[in-house]
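Enquirer: Annotations per TrEMBL:
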ACT_SITE  Cys277  active site, nucleophile
BINDING   10-15, Asp35, Arg40, 91-95, 132-133, Glu166, 277-280, Arg347  NAD(+) binding site
BINDING   162-166, 221-225, Arg261, 268-274, 339-340, Arg443  substrate binding site
DOMAIN    333-448  domain 'UDP-glucose/GDP-mannose dehydrogenase C-terminal'
Amino acid sequence: MNITKICCIGAGYVGGPTMAVIAQKCPHIQVTVVDMNVERIQAWNDADVHNIPIYEPGLAAVVAEARGRNLFFSTDVDQAIEEADAIFISVNTPTKTYGKGKNMAADLKYIELCARQIARVAKNDKIVIEKSTLPVRTAEAIKSILDSTGNGVQFQILSNPEFLAEGTAVTDLLQPDRILIGGETSEAGEKAIAALVAVYANWVPQDKILTTNVWSSELSKLTANAFLAQRISSINALSELCEKTGADVTEVSRAIGMDSRIGAKFLKASVGFGGSCFQKDILNLVYIAKSYGLTEVADYWEQVIIMNDHQKRRFANKIVQTLYNTVAGKKIAFLGWAFKKDTNDTRESAAIYVADDLINEQAELAVYDPKVSETKVLQDLNYLQSRTADENQAAISYFDSAYQACQGAHAVAILTEWDEFTDYDWQKIYDGMQKPAFLFDGRNILNAAAMEAIGFVYSGIGVVSSE
Ligand code: UDX
Ligand code: UDX
Ligand code: ADP
């Protein structure tokens, strides 16, 4: 079996970049990315490659190289399915907002729709690849839908989770720590695995391509995200203790990270993790554990989310307390809205929740983010349904420049670690603010001593504040 035509259903943060890199590295394979969202596909096809719908460093260049050669974006889902030997399913799997498993389980309706569409359209044998993060044993459900047509078409289901992180998607795809491919332990399953291994082998060394059974692959993806998130909640838990005791969380983090058994990465205390994956995947893990009656396992992992919610709330509370227990009518500048730097993605961003708490306290927020639009900021707040859209609009003003956002503010809060924030003329920002000028660094990106020398009342995460 040889893969020459790939279809990817879902042109989002995962499907788009992943397929662009596959197309770049495999000029002999035709890659068609389809999505039912017409606007999104139009943006991927925009003549100006900088208007593609996802901002990722280096992505525009990859798309420019491959698009029109062997990389295509289309809304004709049926045709792409029909032509392909291998179909990646890369659609969204949000947390369920209704019914059984509400707020916990993954909502698989989009996956199921894809499976039904593939079953309806496919006329010859296909490899179907789960790219989206899915609960363990989803492949079984997909397979039963695909096999239900009775038209003799054979499907092999593979699990091939994506480990890219946003903001570094292109380098993560070009130089992955590993590629994981799970498949059926039958002869047909092994052939399908080998066919997909051959695609990645065009640029990934063989020893980094792991093959497992389907369930191990599905569970590894959830577990990897749960472990990463757990490290952040662990260091964030200690950040609160540091603020009480006089230890400095950055020093603690460095000290423990040098233990090779612990490792230095992913130990940065922050205002809380965000992104589309961590919370969703842990909730999913918790739900799965509960569904097997594993209460202790479920409680253990749920604590990671509880700690993260606490960290976000604590940051908002600290702002209120420091500003003499009231922020009503005070202007607070928000620098950053994205869930991390170098992305325009805001899903589950800590900024949204901190903003929500501060608006409840009647603060007036002045938001600036280099890549996030005002529309997106308001959409994110409206999604919480804490108040009406008009009330959110009234509480938020949006600026195209950080200097303007900070002008006349009582406090500045840094929510995202954008590099440009460290390069600002902080003296100029200070001069334009109300005094005392408070600075809450939710990412510990500024130099505390330098900020205090300017005159700021500076407060980082996990260090005793200056006042
Ligand atoms: C994550 C995983 O890293 C990736 O492997 C998986 O495929 C998808 O989920 P992503 O959510 O894109 O990727 O970004 P990541 O870099 O993991 O950051 C997640 C959140 O954790 C961000 O809000 C980030 O600011 C925060 N974070 C990360 C910290 O607060 N401290 C850290 O030390 C690292
Ligand atoms: C530990 C720390 O490793 C050491 O740095 C500190 O100075 C003292 O405490 P120790 O208790 O001697 O050292 O042994 P360690 O190798 O850490 O093992 C502790 C326990 O964890 C053992 O029961 C070990 O069997 C268990 N363990 C360790 C696991 O169950 N799984 C592992 O992957 C590692
Ligand atoms: P991710 O971060 O997992 O990539 P996104 O929400 O960014 O998630 O992207 C998922 C994409 O999948 C969306 O653009 C959505 O329109 C698309 N999608 C969902 N279901 C289908 C479907 N049945 N057919 C085609 N596209 C779909």
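Including glycine, each Cβ sits where the backbone N, Cα and C put it.
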Enquirer: Which recorded positions from the set Tyr13, Thr95, Cys277 come within 10 angstroms of Leu222 (substrate binding site), judged by C-alpha positions?
Expert: Cys277
Enquirer: Measure from each Cβ of the binding-site residues Tyr13, Asp35, Asn92, Ala269, Gly272, Gln279 to the atoms of ligand 1 and list the residues where some distance is under 6 Å.
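Expert: Cβ under 6 Å from ligand 1: none.
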Enquirer: What does the DSSP secondary structure composition of the domain 'UDP-glucose/GDP-mannose dehydrogenase C-terminal' (333-448) look like, as residue counts for helix, strand and coil?
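Expert: So the counts come to 46 helix, 19 strand, 51 coil.
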Enquirer: For Tyr13 (NAD(+) binding site), just count the other CB atoms lying within 10 A of its CB, please.
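Expert: Taking every protein chain into account, the count is 24.
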Enquirer: So, three-state DSSP: helix, strand or coil for Gln279 (NAD(+) binding site)?
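Expert: Reduced to three states, the DSSP call for Gln279 (NAD(+) binding site) is helix.
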Enquirer: Tell me which of the binding-site residues Asp35, Asn92, Thr95, Glu162, Asn225 ends up closest to Cys277 (active site, nucleophile) in space, Cα to Cα.
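Expert: That would be Asn225, nearest by Cα distance.
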Enquirer: Least buried of the binding-site residues Gly10, Gly272, going by other Cβ atoms within 10 Å?
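Expert: Looking at the binding-site residues Gly10, Gly272, the Cβ with the fewest others within 10 Å is that of Gly10.
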Enquirer: Taking every residue in the domain 'UDP-glucose/GDP-mannose dehydrogenase C-terminal' (333-448), what is their average pLDDT?
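Expert: Reported value for the domain 'UDP-glucose/GDP-mannose dehydrogenase C-terminal' (333-448) is a mean pLDDT of 98.
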Enquirer: With Cβ-Cβ distance below 8 Å and at least 6 positions apart along the chain, what are the contacts of Asn92 (NAD(+) binding site)? List them in sequence order.
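Expert: Looking at Cβ-Cβ distances below 8 Å from Asn92 (NAD(+) binding site), excluding near sequence neighbours, one finds Gly10, Gly12, Tyr110, Ser132, Ser276.
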Enquirer: Report the nearest neighbour of Ala165 (substrate binding site) in space among the binding-site residues Tyr13, Asp35, Thr95, Gln279, comparing Cα positions.
Expert: Tyr13
Enquirer: Per DSSP, to which secondary structure element type does Asn225 (substrate binding site) belong, with helix, strand and coil as the options?
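Expert: In three-state terms, Asn225 (substrate binding site) counts as helix.
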